[in-house]
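Just below is one structure, and these are the notes that go with it.
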Amino acid sequence: MANVVVTGEALDKSIREVVRILEDAVGCTAGPKGLTVAISKPYGSPEITKDGYKVMKSIKPEEPLAVAIANIITQSASQCNDKVGDGTTTCSILTAKVIEEVSRAKAAGADTISIKNGILKAKEAVLTALLSMKREVASEDEIAQVATISANGDKNIGGKIAQCVREVGKDGVITVEESKGFKDLEVERTDGMQFDRGYLSPYFVTNAEKMLVEFENPYIFLTEKKINLVQSILPVLENVARSGRPLLIIAEDVEGEALSTLVLNKLRGGLQVAAVKAPGFGDRRKDMLGDIAVIAGAKYVVNDELAVKVEDITLDDLGTAKTVRITKDTTTIIGSVDSNADSITSRISQIKSQIEVSSSDYDKEKLKERLAKLSGGVAVLKVGGSSEVEVKERKDRVEDALHATRAAVEEGVVPGGGAALLYTLASLDGIKGKNDDEQLGINIIKRAVCAPIKRIIKNSGSEEAPCVIQHLMKQNDKELIFNVDTMNYANAFASGVMDPLKVVRIAFDLAVSLAAVFMTLNAVVVDVPSKEDTAGGGAAGGMGGMGGF
């Protein structure tokens, strides 16, 4: 391999080309009339999706420079996906527009730093203007409307998500999984709990695409102690390994030799295992482990006071669950198989009694948090269909709608269909740059905030975007939007065309920040195959699809 440094016009041209390719592929999915994208797989049938992030991740250019640029953009999109689970398409459209405008300005000889200062100044004004337009989401109908919009107008998905929120509360745990039946969508409420602790090592991951640990019917081992040596829990590991089922370890910590041994065992294809830290601290950790034990039906939480030794613990003494899902930040236990409603009800009554007698506001608050986790349960949205392709496409839409709903409940909603960003134009009129190039940066953002609504209207098959923008900007009602479903103007909140503020805000913020990175990017160092590498790879010629290996 040899290193090549790419600079100047060659670099700018590559950036423009990669951004255009990504925006063309991702942008076509925007809006209720957006199109789907087929992603080919090495094995099996192609995946059909409208998930912008999934489309972006699947694009892998051949040229090393294009790969480097695409990776920078995809990493930014992944931040948007991690923070709100939605908004990747909007982020892509905005990024493409800003970079396109900046490239023109640079070609005309404008000062990059001044442009950047103008863009960042305009960014703050746009974010402030978005906050002034927000409305809180209160009713079940509004929740259903937000979910419906994010699910590309599928009212069934919107209604089911609203049902889940009603059953487990706005802060409750809602998960999505594939159904084995043919029903489009069904809701199942079950016992369960989620807490804010993720896997202790990414090597535990079983779903590499989503960076998740997913276990079906696992055993759960609970301990208040630190696990430094695998020898201390070896009897439990051996018993579970013989059963052929996965194991989740919840402990104060798992570190050193114990963690490395568990990881090595997993990588070698042995026991399916994952370890997470127990939630809380001190006495609160002890109480929360007790709550998890009740949910999972575990007989013991191992500690120094327990008379039973680890080697005496049988499989019947461990907790169980139907499903466990672990991300880098959270652990969700769904549907304990063995726990019964009586033990959970008894635990809930005990916590309620503690709340009544507690004189500390802080203690009461923490007890109420525990009560909510125990009593809320988990709502499971089961997605079905007549084919694997259909199920996966629908599941993507359900997950996007669920993320959008959570964001809407958290920060409120703004007018949808790209109207909220369009209405921030008024806030930019009063901002003046220190010089012509800084003003150019402000004007670039003015053009960028019009890009999402233009793309949504274009995807509907209409060429009326300029007329729509002109009409919306001439009137004073910031709740008026253009509904591409009906091709008419309507009130955003009455018609249900709303976007979560958090999604719009983060998508815009990340898009501008990403564009700012490319603005000051002067060189990219890439590895390119040397002649010797090419000759060596060619020795295996004739092996179609092997990529030279």
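Here the Cβ of each residue, glycine as well, is placed from N, Cα and C on the backbone.
Sequence-distant contacts of K50 (ATP binding site), defined by Cβ-Cβ distance under 8 angstroms and a gap of at least six in the same chain, are T29, G34, L35, T36, V37, N152, E393, D396, R397. The ATP binding site feature in Swiss-Prot is assigned to T29, A30, G31, P32, K50, D86, G87, T88, T89, T90, G417, D499; the stated evidence is sequence analysis.
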Requested in this report: For G417 (ATP binding site), write down the residues of its own chain that are at least 6 apart in sequence and whose Cβ falls under 8 Å from its Cβ; none is a fine answer.
Outcome: G31, I453, I456, I481, F482, N483, V484, A492, V497, D499
Query - Cβ contacts of G87 (ATP binding site) (under 8 Å, same chain, 6 or more positions away) - result: C80, N81, V503, V504, I506, A507
Requested in this report: Please classify the secondary structure at T89 (ATP binding site) using three-state DSSP.
Outcome: helix
Report summary line: Cβ neighbour count within 10 Å, max among the binding-site residues T29, T89, goes to T89
Report summary line: Counting across all protein chains, other CB atoms within 10 angstroms of the CB of G31 (ATP binding site) number 26
